[in-house]
Amino acid sequence: MLDIFKAVILGIVEGITEFLPISSTGHLVLVDEFIKMQQSTQFTDMFNVVIQLGAIMAVVVLYFHKLNPLSPRKDTTEKRNTWVLWSKVLLAVIPSVIVGLPLNDWMDEHLMNWAVVSATLIIYGVLFIVIENHNKRLTPRFANLQTLPYTTALFIGCFQLLSLIPGTSRSGATILGAILIGTSRYVATEFSFFMAIPTMFGASLLKLVKFFAHGGSLAGLQGAVLAVGVIVSFVVAYLSIRFLLDYIKKNDFKAFGWYRIVLGVLVIGYFTLIH
């Protein structure tokens, strides 16, 4: 039963951090330092990825009408625009499929550690502050998803590759990239959400396939632990997404940049002292 409680904690962490630009993987790595499951390393590695399914389902539920090209409540033009949006999203995911799949295991093996996480937390924290200060007087070139060109969508997808490095934040990399290219904060955030659907569904499916291919099982407590983590991450992510969308209507991302810097410094201090 203790692992169920830990799954709740990890689900909360995942739900809060998945779509805020502060790195869910980085936070899960850090939380794992203090809350270790009494499960195999194989299961824990799978859990830390598949728990994202709950967060992704929160996006699907929140945007179901907007993302559903078959909705009977949409006219022909709206349905066509939805198909166009999906084509841009899928185009943006292609770089992650081509480059990310071959490198993913290598990145996990060599870069999943506190030193890399703390460095990327600080680096991207600084970038958020610098870019927001630079862009505050500029008018976005793309203020809605309909005007977002295919080439821009592809460039945003290339920025997603940076999130292969632990601690970067998938949403952080894509939002920063989109803002640099000239989208509004709101468009950057929504497009990042939509890119997460195929990206993270694919990552979770791949992790599950590898888990079962290597003899893994979800029998007994393990299945319950995973289910609890996914459900909790769904509920918390739903609330986090609503918060972020309201927040960026009136604020920029600098607060998240400062948070990343402070957390990165604390991580360096903590691990330097205990090791």
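Positions of Cβ are set from backbone N, Cα and C atoms, glycine also.
Features of the protein shown, as given by Swiss-Prot:
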- 2-22: transmembrane segment (TRANSMEM)
- 43-63: transmembrane segment (TRANSMEM)
- 83-103: transmembrane segment (TRANSMEM)
- 111-131: transmembrane segment (TRANSMEM)
- 147-167: transmembrane segment (TRANSMEM)
- 186-206: transmembrane segment (TRANSMEM)
- 221-241: transmembrane segment (TRANSMEM)
- 255-275: transmembrane segment (TRANSMEM)
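Proximity of distant same-chain residues to the transmembrane segment (111-131), defined by a Cβ-Cβ separation under 8 Å and at least 6 residues beyond the stretch ends, is recorded for 21-23, 26, 29-30, 33, 165-169, 172-173, 176, 179-180, 253-254, 256-261, 263-265, 267-268, 271. Looking at 2-22, 221-241, 255-275, the range that has the most CB pairs within less than 8 A of the transmembrane segment (186-206) turns out to be 2-22. If you look at the transmembrane segment (255-275), the same-chain residues 6 or more away from its ends with a CB under 8 A from one of its CBs are 20-23, 30, 114-115, 117-122, 124-129, 132, 167, 172. For the transmembrane segment (147-167), the partner stretch with the most Cβ pairs below 8 Å, chosen from 2-22, 43-63, 83-103, 221-241, is 83-103. Note: the stretches the transmembrane segment (43-63) and the transmembrane segment (83-103) are not in contact (fewer than 3 CB pairs below 8 A, sequence gap of 6 or more).
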